[in-house]
Amino acid sequence: MSEATNTNEEKKKPLLNGRRALPPNNSNDEENEVPEMEAFGFIPRGFNPKDYLRVVDIHMFKEPHEINKQQHHTDKYYSPKLIVRRGQPFQIQIDFNRPYRPETDQFWLEYLIGRYPQQNKGTYIPIVVGDVLKPGEWGARITHKENNSIRLSIMSSATCIVGKFRLYVAVWTPFGILRTHRNSATDTYILFNPWCQQDAVYLDDEKEREEYVLNDVGIVFHGNINEIKSRSWSYGQFEENILDACLFLMDKAELELSGRGNPIKICRVASAVINSRDDNGVIAGSWDNTYTYGVAPSAWTGSVDILLEYYSSKQPVRYGQCWVFAGVFNTFLRCLGIPARLVTNYSSAHDNNANLQLDFFLDDEGKVDTKLTKDSVWNYHCWNEAWMTRPDLPVGFGGWQVVDGTPQETSDGMYRCGPASVQAIKHGHVCFQFDAPFVYAEVNSDIVYSRREKNGIQVIEKIDTNHIGQLIVTKEVGGDGMMEITEEYKFQEGSEEERLALETAVMYGIKKQTTPSTMYQPQTDVDMDFQVQKAVLGSDFKVTITFRNRSHNYYTATTYLSGNIVFYTGVTKNEFKKYSFSAKLEPSSSGAFDVVIKSSEYLSDLLDQASFHFFVTARINETGKILAMQKATVLEIPSLRIKTQGEMVAGKEMSVTVELTNPLKQTLENVTLRLEGPGVLRTMKKEFRQIPVNSTLIWEVKCIPKRPGLRKLIASLNCDALRHVYGELNVQIQKP
């Protein structure tokens with residue numbers, strides 16, 4: 001190397017600081033220059049590299065139908081490069097310029113990742129050919145020799161870095177090392193391996209691996225506890241450029257390459273980079289019903305558009321809410337090979353001061369005081385679970401871990417959450433990292449209704465211990481149904497084990513306020529309940545309030561109903577219905593009272609998810625005690641109809657139509673339709689200026705499906721007056 005090039009090299013090097021010998025190696029994208037001839041000293045005049053063993057070609061067997069992608073379950077990735085899973089052997093073939101002679105020829109392989117490869121960091125891996133492969137350790141052996149070619153079986157370490165490696169073949173000569181030149185066609189992606197027992201993400205059930213790693217569509221459960229709704233979400237982890245986009249997220253989060261073999265670290269940094277708070281991450285959240293200059297969260301049908309937009313623009317994609325963060329996070333985890341599922345917690349507590357209680361303050365009339373009440377109950381909240389061992393915790397806390405990319409509270413100074421062991425949450429061991437107390441509160445808080453008397457004394461009117469975390473669900477394995485997993489998070493309400501878990505959590509520092517019994521003496525001889533009639537968007541419905549007087553006394557109850565339009569996070573937008581009446585309660589009997597809600601009262605203010613929240617409070621005049629109850633309800637929203645025409649064969653054009661009849665008593669303006677289906681068609685969008693009352697919109701799309709098999713088409717419709725309108729259809733694509 002001459003002097004001139006040397007000084008040039010020095011200019012390119014980043015500045016070092018006094019603490020490290022090498023700059024941080026935290027980009028999978030950057031590379032270093034690798035010399036093709038590494039001389040041992042002076043090279044004699046007569047030296048001719050052509051006299052020595054020389055690599056002519058390398059075959060990677062990287063086609064989807066070839067041995068590597070088949071054995072490694074990576075044949076679905078839409079990528080021309082070799083993709084394998086760690087801790088499991090894969091094959092390559094090297095063609096030399098002459099037959100390989102093991103007695104005299106010496107060659108080895110080199111796998112490199114990042115800008116500053118170092119052997120002790122696992123970013124430079126030299127592999128010498130040996131006789132046996134040790135399970136879960138780097139190594140190579142020759143399986144076949146023919147003419148000038150050799151077949152190699154290569155084993156990667158079960159703990160190696162996950163990412164894109166560069167491959168070089170090095171040949172030893174007496175005067176120096178000869179290397180193959182840089183060839184991106186031989187780049188090798190190495191992923192997590194849930195099929196390998198030594199891998200930290202090993203999952204022993206084949207059906208579960210097919211669901212939690214290989215399924216590229218899923219179901220999001222939303223709505224609320226009384227009306228569970230579901231919609232499909234396209235994860236699309238195998239689509240073109242998605243793997244590169246997911247590796248880019250780790251570069252964006254500046255995760256040191258040497259830490260990228262550890263699923264705990266990857267989950268923790270990913271939960272921060274999925275949201276845009278404090279690091280310009282993937283998705284910007286918006287919960288205020290105005291989505292100018294962006295896509296409404298309800299309009300997305302899957303993760304692919306979001307990840308590809310972020311990968312190309314490097315700017316947060318607008319907008320997301322919890323299921324969007326969870327959907328994209330799930331794609332990221334499954335794409336890298338970490339088993340993952342999307343979980344919904346109905347009636348999820350967002351407790352601002354982590355004291356295991358949500359405080360609802362009532363005014364004199366028994367109405368909720370929105371200025372004082374800071375905590376909220378989300379109708380539902382979605383997060384993810386990722387499957388891994390936890391060598392950083394005591395035995396028994398591996399398995400499913402909660403990770404949450406929705407920005408709610410900061411953890412170690414950033415908006416992120418997890419991984420927190422589900423097992424630790426169930427047993428109250430909230431001392432174990434990361435963020436277990438926050439998740440524990442999301443599923444275990446009590447709701448406390450209190451009222452301030454004229455003299456300033458706080459009176460607790462009601463404590464509801466069963467409202468929060470009533471139901472925790474995920475999609476069933478191998479089907480579209482719902483699987484309840486509440487008992488993974490908590491013991492039976494009121495059981496001895498549940499009390500023990502709570503005492504454990506309190507011992508480990510969760511604040512729980514205790515209520516002196518003198519302050520809390522509820523009315524025990526009158527029960528109050530209410531039911532909201534199921535209703536379709538745009539129609540009238542009624543709320544029925546029932547009282548049961550179990551005493552021998554006559555009571556009168558001054559009853560107050562408040563109907564609010566709410567965000568699904570439980571935050572009120574406005575009160576659209578106030579109604580009060582006096583109920584006469586006869587001794588030992590029950591009575592029912594109806595309140596009618598007209599569509600004209602709610603339609604003008606309706607939000608995305610057509611969510612209502614009803615509070616009913618009743619004061620028993622004879623005793624001065626208050627009964628309080630709250631319920632969320634969601635209107636029925638019409639679905640899109642999807643149909644297909646003609647035969648459905650991979651590689652042949654087919655036709656898809658999407659239809660919707662306008663259900664409202666008003667014209668729909670500026671309507672956007674989206675349609676996608678992994679393996680069938682890339683996301684299509686179409687805008688319609690208006691859909692008049694009672695008229696039907698029909699949109700026809702032509703597409704050429706890429707892959708045979710059972711596929712899912714997913715559509716969404718979005719406009720200011722109507723959101724969360726979805727449709728889906730399973731289609732069987734035939735082989736050509």
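Glycine is treated like the rest: Cβ placed from N, Cα and C.
Per TrEMBL, active site is recorded for Cys322, His381, Asp404. Annotation comment: TrEMBL describes Asn444, Asp446, Glu493, Glu498 as Ca(2+) binding site. The feature domain 'Transglutaminase-like' is assigned by TrEMBL to 314-407. The region 'Disordered' annotation in TrEMBL covers 1-33.
Summarising model confidence by region, the domain 'Transglutaminase-like' (314-407) averages a pLDDT of 91. Among the recorded positions listed here, namely Cys322, Asp446, Glu498, Cys322 has its C-alpha nearest to that of Asp404 (active site). Residues Thr465, Asn466, Ile468, Gly469, Lys490, Gly494, Leu502 surround the recorded Ca(2+) site, their Cβ atoms falling within 8 Å of the Cβ centroid of Asn444, Asp446, Glu493, Glu498, which are themselves excluded. The most densely surrounded of the recorded positions Asp404, Asp446, Glu493 is Asp404 (count of other Cβ atoms within 10 A of its Cβ). For His381 (active site), the count of additional Cβ atoms within 10 Å of its Cβ stands at 28 [all protein chains shown]. The recorded positions Cys322, Asn444, Glu498 differ in how many other CB atoms lie within 10 Å of their CB, and the one with the most is Cys322. Between the CA atoms of Asp446 (Ca(2+) binding site) and His381 (active site) there is a gap of 17 Å, rounded to the nearest whole number.
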